[in-house]
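**Student:** Could you have a look at this structure, given as structure tokens, before my questions?
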Amino acid sequence: NIVLTQPESAVKKPGESHKLSCTVSGFDVNGHHMNWVKQVPGEGLEWLLSYRKTYNTYYASGIQGRITFSTESSTTFIEIPNLRVEDTAMYYCARGTGFPQWGYWGSGTFLTVTSVTQ
């Protein structure tokens, strides 16, 4: 049974960093194409990166050098430093090739970046 598990939400302040996680079960993350996308409320999906251990990690041009991708055991991560309000979005991990027709998706983490104290 293939499952991609993501935390439901996170709240951060501008200038902070955050590491988003995606823990998988039922397959080896290093043997498949793993992807991250974001969706700003009211907008479409935006591809961020694709990874496979035997290939390079490919980043969207707009975020190349800004976010960092890593893996540890059965979990993939993206770390976003110096967060901005415009980073507020739903972030999804997914397995497969041919964006956006990927076969397996995480449920997404909604990241809120706000200066308002929660």
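Just so you know, glycine gets a Cβ as well, placed from its N, Cα and C.
Below, the features straight out of Swiss-Prot:
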type	residues	note
DISULFID	CYS22-CYS93	disulfide bond
DOMAIN	1-109	domain 'Ig-like'
**Student:** Using DSSP, what is the helix/strand/coil residue split across the domain 'Ig-like' (1-109)?
**Tutor:** 6 helix, 51 strand, 52 coil
**Student:** So what pLDDT does the domain 'Ig-like' (1-109) average out to?
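**Tutor:** Overall, the domain 'Ig-like' (1-109) comes to a mean pLDDT of 93.
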**Student:** Hey, what's the Cβ neighbour count for CYS93 (disulfide bond) at 10 Å?
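**Tutor:** I count 29 other Cβ atoms within 10 Å of it.
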**Student:** Give the sequence-ordered list of residues that share a chain with CYS22 (disulfide bond), lie 6 or more positions from it, and have CB atoms under 8 Å from its CB.
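**Tutor:** When sequence neighbours closer than 6 are ignored, CYS22 (disulfide bond) has LEU4, THR5, GLN6, MET34, TRP36, THR75, THR76, PHE77, CYS93, GLY106 within Cβ distance under 8 Å.
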